[in-house]
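**Student:** This is the structure I want to talk about, given as structure tokens.
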Amino acid sequence: MLAFLLRRVIQAAAVLAVVGLIAFAMFRFAGDPVNQIVGPDTTVAERAQIRTDLGLDDPVLVQFVRYAGNVVRGRFGISYQFRQPVSQLLAERMPATLELAFCATVFALVVGILMGVYCALFRDSWLAGLFQAVSLIGISLPTFLIGILLIYLFSVTLGWLPSYGRGDTVRLGWWTTGFLTASGLKALILPSVTLGLFQMTLIMRLVRAEMLEVLRTDYIRFARARGLTTRAVHLRHALKNTLVPVITIAGLQLGSVIAFSIITETVFQWPGMGLLFVQAVQNVDIPIMSAYLLLVALIFVTINLVVDILYTVVDPRLRLPAGRTA
Amino acid sequence: MTETILSVRDLTVAFDTRRGPLTAIDRVSFDIGRGEILGVVGESGAGKSVTGSAVIGLIDRPGRIAGGEIRLRGERIDNLSPEAMRRVRGRRIGMIFQDPLTSLDPLFRVGDQIVETLRTHTNLSAKAARTRAIDLLAEVGIPAPERRIDGYPHEFSGGMRQRVVIALALAAEPELIIADEPTTALDVSVQAQIITLLKRLCREHGTAVMLVTHDMGVIAEAADRVAVMYAGRVAEIGPVASVIAKPHHPYAVGLMGAIPTLSQEADRLSQIPGAMPRLTAIPKGCAFNPRCPKVFARCRVERPEPIPVDASRVACHLYDAAEQAA
């Protein structure tokens, strides 16, 4: 187990190193950052001065080593547009994104699994048919359109929920949370549903398909033959076996929920990392872009690792004794 | 015969298809007494397993019991509500499936699966159930049961898993066990062990057994009586020694003749010409008439009813008094 973990951690580090190289390369290939900082009437001498200050004159290798060293220590450079450390900018916005991603994931998992289980157990009911139809819509409509439709319905027409922002937040140390105020919670609903809808339909369809598969297996037949209650057969034996593959997908989806909250954050003007990234792209603010790239890679790699570990917790067959290979 | 445990009368099972109902089991009747092992043999598709599933109330849709009755100790069980039937399963009728590798839920410890079964049917405490589970594992011949009880199914070999399955089937001391090809998936050497175990347990507990198999060796070894099935009907039923040594029904004669023996010097194995009819095309009269070497006119028109011949009951016009006289 320890060897397995160590191997996975080394693999993760390798992935991050490659992403770091790409993130660094962005500085070289995404245009001259100096032009973005200065006005048209800046003198050549001043431009040269800025260039030297930012270390853009040094050899590529020196720059990369310096970059990597800084990144490891959590220094992602100074944002061109805000003139603030990128790490500070990201830290300010991270709570908003993480809270949104958390709510979206909980929504997707809870509703997706419930609907999936229902569809598998009562596959011929009209409600299962309705869920299936709704899931098709969820999977095929683009996120921004769903967001706009929800805003139109619940904010503009009904006036129940706010259409943008986080509402009132409470500061807990460096973390700002919207969970503690009514307006903060209300503001979370629409963006969470928008962000989680795609994952929810995906999980629903996956759970349904897996569960139908599991219900056909011998051990479910045998569980019935043992006279177990329908509830025990369905919710203990069938559901647990269904969730083994679902964990992988759901875990990976959590990564993409964080990474691709960009669109939802833009639609709802949600003050998170995604919105920061979109603004950075518009302004060619490369330090923010590269830091965001690294952060997303880190999140994905971490989640992958956690999913692998979770797998062995759920499925005893994967718990290999030390020294034996699969 | 001693007390009758299971009594099946004119059991008919139909599968509803788009082209109308298909009769898979057609008016099958048999009894099993206390402590008796009834072997059920026949080719694949003869309806052996479906009969077993019908008795325990686990016919998969779209199959249904279309007629006849099943009595357990005189009490009708074919028309019980699903919940009442669930209480019969595991408690009064145990079942053993063909493939021990897939009969156990891979995600649960074997002990937990036994405890779960026990606690569903009895009001044992968790601790008492665990003690009983260890006793059961010891009884089916699993070494070091107090340690193996916490093992997962994948940590057991095929033969050991079938022992666990038998322990599960016996957990609540049922009156009847349906063993559906319990040895087919096992090594020959393990087969003998499992059959011996099954025989011993049933003798000790006085459990009636319906042993479904296509292996005549297993029947000869284990069964007290044997029912030969053909195309969803019972062709011949009688004491195992007489059916094997002196079969009456032409199909049973062919089946016994097809068993190769070591003393036989023939280059070719004998076989019954032709194949069993499909359910959609069962011939009128006796189902075996197209392949029967002794067919005569009446066989093509009138279905033979079982009549007593020596110690057996045989469904064949050849043994009808009227035909004998003629």
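Every residue, even glycine, has its Cβ placed from backbone N, Cα and C.
Quantities reported herein were computed from a predicted structural model and do not represent experimental measurements.
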**Student:** Looking at the candidate ranges A:174-198, A:199-223, report the one that TrEMBL labels transmembrane segment.
**Tutor:** A:174-198
**Student:** So which residues does the transmembrane segment (A:174-198) touch in its own chain, when a touch means Cβ under 8 Å and the partner is 6 or more beyond its ends?
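**Tutor:** Non-local partners: 91-92, 95-96, 99-101, 103-105, 107-108, 111, 138-139, 143, 146-147, 150-151, 154-155, 161-163, 165-168, 257, 261, 264-265, 267-268, 270.
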**Student:** I need to check the long-range neighbours of the transmembrane segment (A:12-30): which residues 6 or more away from its ends have a CB within less than 8 Å of a CB in the stretch?
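**Tutor:** Non-local partners: 60, 63-64, 67-68, 71, 284, 286, 289-291, 293-294, 297-298, 301-302, 304-305.
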**Student:** Could you pull out which residues elsewhere in the chain have a CB under 8 Å from any CB of the transmembrane segment (A:98-121), counting only those six or more residues past its ends?
**Tutor:** 127-128, 131-132, 135, 177-179, 188, 191-197, 199-208, 211-212, 215, 234, 239, 242-243, 246, 250, 253-254, 257-258, 261, 264-265, 270, 272
